[in-house]
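Notes follow once the structure below has been shown.
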Amino acid sequence: MQPGAALNLRLWLCLGLLQGLANGYSMTPPTLNITEDSYVIDTGDSLSISCRGQHPLEWTWPGAQEVLTTGGKDSEDTRVVHDCEGTEARPYCKVLLLAQTHANNTGSYHCYYKYIKARIEGTTAASTYVFVRDFKHPFINKPDTLLVNRKDSMWVPCLVSIPGLNITLRSQSSALHPDGQEVLWDDRRGMRVPTQLLRDALYLQCETTWGDQNFLSNLFVVHITGNELYDIQLYPKKSMELLVGEKLVLNCTVWAEFDSGVTFDWDYPGKQAERAKWVPERRSQQTHTELSSILTIHNVSQNDLGPYVCEANNGIQRFRESTEVIVHEKPFISVEWLKGPVLEATAGDELVKLPVKLAAYPPPEFQWYKDRKAVTGRHNPHALVLKEVTEASAGVYTLALWNSAAGLRQNISLELVVNVPPHIHEKEASSPSIYSRHSRQTLTCTAYGVPQPLSVQWHWRPWTPCKTFAQRSLRRRQQRDGMPQCRDWKEVTTQDAVNPIESLDSWTEFVEGKNKTVSKLVIQDANVSAMYKCVVVNKVGQDERLIYFYVTTIPDGFSIESEPSEDPLEGQSVRLSCRADNYTYEHLRWYRLNLSTLHDAQGNPLLLDCKNVHLFATPLEANLEEAEPGARHATLSLNIPRVAPEDEGDYVCEVQDRRSQDKHCHKKYLSVQALEAPRLTQNLTDLLVNVSDSLEMRCPVAGAHVPSIVWYKDERLLEKESGIDLADSNQRLSIQRVREEDAGRYLCSVCNAKGCVNSSASVAVEGSEDKGSMEIVILIGTGVIAVFFWVLLLLIFCNMKRPAHADIKTGYLSIIMDPGEVPLEEQCEYLSYDASQWEFPRERLHLGRVLGHGAFGKVVEASAFGINKGSSCDTVAVKMLKEGATASEHRALMSELKILIHIGNHLNVVNLLGACTKPNGPLMVIVEFCKYGNLSNFLRVKRDTFNPYAEKSPEQRRRFRAMVEGAKADRRRPGSSDRALFTRFLMGKGSARRAPLVQEAEDLWLSPLTMEDLVCYSFQVARGMEFLASRKCIHRDLAARNILLSESDIVKICDFGLARDIYKDPDYVRKGSARLPLKWMAPESIFDKVYTTQSDVWSFGVLLWEIFSLGASPYPGVQINEEFCQRLKDGTRMRAPELATPAIRHIMQSCWSGDPKARPAFSDLVEILGDLLQGGGWQEEEEERMALHSSQSSEEDGFMQASTTALHITEADADDSPPSMHCHSLAARYYNCVSFPGRLARGTKTPGSSRMKTFEELPMTPTTYKASMDNQTDSGMVLASEEFEELESRHRPEGSFSCKGPGQHMDIPRGHPDPQGRRRRPTQGAQGGKVFYNNEYGEVSQPCTEGDCCPSAGSTFFADSSY
């Protein structure tokens, strides 16, 4: 190294030290009790130096650098380093104590901070120089070699123990004295001499005089050296590990200029003990010199571990190299994860490393295993490297480490998870791109990846040109595999797909040893060409499959058709049409195969391929027909005007694929029938028949192509007419019931182009016509008797099949069951519960918010996983008891569950979905969830968006028509179940799932409310009530608050006693101990406690008023008191709402007839409202309504005074005259004159009844009542309990009262306790798409009528909250 380079190295080291000082060593330095720069004592004296500082301290002194001695004596000297008491500013203190000092103790004494590497005088260290004067031994240096190099001057280290001596430097030929200029003396370092003065010296020695005695130092042998050191290395290069007791050998080698001299110095732990030995070596090479120093320590111990530093110095350059020596007490193996137990890679990676953190000595043997199988090849114990990662690389890798000599063994396992980008397998195989129109097609995507793709997304786009690109790795793939660069892809749904979608399902399937995701898109009707793609994604990639879904009317895109379709007859015109899809094929050609060329010389048949068809066939001239506008196919027609036997043979149509350029062929064999003259296989024979018998004559013909067979009677052409039948291509003549005039000569004539053949026979008729008439009478009589017995047997059979009490089906609403023979509680015990059909696991039911709660029950919104037998999650409502419910309440809820099961499903009734009855949890009844809440609140919210005649979407109109047509179809089919409409509506929606899963066409909160909607709601409620009435179930609380609105404008009847407290509901008025919905109750229910289907019809009329007033409360402003009840009984009614059309007004008026028998049945209401809904004509109704509205204030409001006896139908009228509708009062186009009670006339037209009084025209007498919590109503008026008692006693017979329903009468003794049943209804609100619930319930008291369903005393009924 050049001198300039050495200078730069020194500057760099100085800057590094200053940088370290600036960065962290600006601190308070330690202080010594000896403040002098040098300190002089005499030999044999003791030396004590104390050092204090802010950090732990350590001492070094001559011959003991960096040796830590704490509180003990050295083996050679009597020096001691121990702790002393510090101060508050410098809490750490160390004292160095030397007893019996000698001259060799002369030198520099350093105190420094122990744990700070940088030793900077005045910053992290403090020192002083101590002279131990020995007048007998003033020189203390040892014999040494002095390397003389090219420096200007150098120090001769003649160290002295006495400062201030006069020193002379002598060589073999000269002596030098310090002159203060070129030759300098320093008591601490020796004498500095110019280098040129020493080049001729062989040795050097210092001389001094003390007293009268001369003293000489030890000799310095002078050695002239080279100037430059090249490199230094310490072997082993890495850290060295040993066990206690082993031998340490370190080799420090320097490469230097030829004939250079180097001084080695080792620095290592335990240097003071001088246990190490180092041996210098020198090897001269031709161009340089290698100098080494080998350090050896036998029987290493824990004290020998640490850094070992080798320093080489030639006087100009100083090289250092270090290594770390680790000494272990005993053999060990330690291994742990470096990046965790699970590592991930992706298939296709070039390599992956499985690293471990390993520490072991001695180095153990090792082996890598994969899934318990040894991994071959050379590997590293610190990391296993895998190249070209594939899915097969995944597994559990284990590193086994062992040291047999020490009996050590360790294992560690790592799991490698190889993520595989998803891949769709159908892309590997060719798939059809042509699909027949109106066919059912299934598109499949089977994907595999790691992790497994959770779902498959389907998209479609219209069949329009789209730019494509080819994937680089699949350049030769056909065009259909290129991915379109289009942005107009749409997600496939079952509603807005261009082709009707039957189903879209995805599932996991075990295929070829792997779990694969399979998705099938089933297209119900292929109508329109489109492009489909399926997309699968996981966390490391995605894959897509493009499907060109081209729809054509040609099967497989290529076909041959012939006219005529059967084998042609000689002489006929034949046309062979080759039809090919333009999108797929081009270059249509006709060939006729040459029979002579289809065999080789030996007569063996040749292999016929479409590619070489031209070698065996003759091309034919054909006509390419012009395609119709919009057609996507081409037709090449081969016409043969008059086919002959020689035209028989194979005809081939050849087409060429547009993309692959491959040729495809279809072959048609044309068979020609030779024309021959017709012949009869049997001649006609003469016949003798009786009058009224049947006659049959046959004219069987043999021979091909018989174009004409004609029959003659008495030379007159015989044609097919009543009683005469010609069949089997006119080969058979039949005459039913022969008459005398049918006698005569019959001729059969058969002709074709080759000629004609005839056959004739005579027919004679005998007997009289009267005999035939008698036979007719006998036949008719026999038929009548047979029909009579058939009807009788049918009635007997139906009576035997009448369901027993154990088979009673009833509603789950606020129903009354007939306890005439068996009490309700016993009936419920007879009902069974099929757990295999209805039990639903609780763990798949996630309960949500409480929709409503009452005194002992609550209704909760919940998510049910798989309740529709699929994998979807559906929102349901769950009824359950509150904590602390009694056993009777539990039995009541269980009884209601059984009733719900036996009543069955209906589209317009909230239906049961399942139940949780197992004893490991609460009893829960699961019913449908209706997202739009009750109808009353919905109508109120939609008032602002009411648009009577807004145009409905085609989908909504289709649903409306389906409802009406389904109801009429069920009516026409005797015995059809009410489930039919429910199922048919769901199928119309394109789904076969249960009612809760009907997909809604649009959000009802966003669409306007129309007059058509109001009629539709009314029709559906009537339909649901018809269903309940057919089950002999009475609702008793039919109101808009108990009608729920679901998706797709479907309304459902409900009544939720479990979740309502009617004691807090203003619509219920207290009557004695019961609360009653008086505004909705019929007069016979208020006064006589009679509840029948006819009383439900009255409530339906009030419900109509609510609907057409958009959710208003009935009888607005009317006080609900005794006067109200009396006037209601006397015939006063509500005025119709302004939105009600004349037809709706008449329906209301009929429902509010005072005579229950005069009210229409629900089946009549269904037909009337269905015709009204189906007929349309809303603008005409509006004009009629406006015209009526102008005169409503003084004339008919649609609600006139109707006496309970205003309608008179005599027995004669009832027997003689068919029922007819008063079409002058009801619009015929809506009603079609369908009759129902209350608007019938027999024979003659009955004049209209007198005008009905309304509450608006005749205000009630003002009465002030103090409102209380017991009897408040929504109008703010109440009817006191005492008034009810008075009103009831006033109209009750003295001994008993009569409860009449249609055709029934029941006398109940006075004082008979009223059976009570729980009553409940939901109160819901919806605003902004949310549903709010205010559910309450209570109790009512009522007797029941014969033939209808009534609960026994104490029976409790429950229904769903909001459903």
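Every residue, even glycine, has its Cβ placed from backbone N, Cα and C.
Here the structure is a predicted model, which means the values were calculated and not measured.
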Disulphide partner cysteine [Swiss-Prot] for CYS252, chosen from CYS158, CYS310: CYS310
Residue carrying N-linked glycosylation site as stated in Swiss-Prot, selected out of ASN299, ASN934: ASN299
Swiss-Prot annotation, N-linked glycosylation site - which of ASN582, ASN1271: ASN582
Cysteine of CYS51, CYS158, CYS206 paired with CYS111 via disulfide, per Swiss-Prot: CYS51
Whichever of CYS93, CYS158 is disulfide-bonded to CYS206 when Swiss-Prot is consulted: CYS158
Distance, CYS699 (disulfide bond) to CYS158 (disulfide bond) (CA atoms, angstrom): 156
For the domain 'Ig-like C2-type 2' (151-213), mean pLDDT (0 to 100): 90
Spatial separation of CYS252 (disulfide bond) from CYS486 (disulfide bond) - C-alpha basis, Å: 72
DSSP-derived structure type at CYS158 (disulfide bond), helix or strand or else coil: coil
Coarse DSSP state, helix versus strand versus coil, of CYS486 (disulfide bond): coil
Subset of disulfide-bonded residues (CYS206, CYS310, CYS445, CYS534, CYS653) lying within 10 A of CYS751 (disulfide bond), CA to CA, in sequence order: none
Cα-Cα distance linking CYS699 (disulfide bond) and CYS111 (disulfide bond), given in Å to the nearest integer: 143
Among CYS252, CYS445, CYS486, CYS534, CYS578 [disulfide-bonded residues], residue with fewest other Cβ within 10 Å: CYS486
The domain 'Ig-like C2-type 2' (151-213): DSSP-derived helix, strand, coil residue counts: 3 helix, 27 strand, 33 coil
Under 8 Å by Cβ from CYS51 (disulfide bond), same chain, sequence gap 6 or more: PRO30, THR31, LEU32, ASN33, LEU57, TRP59, CYS93, LYS94, VAL95, LEU96, CYS111, ALA126
Residue among disulfide-bonded residues CYS158, CYS206, CYS699, CYS751 with least C-beta crowding, 10 angstrom cut-off: CYS751
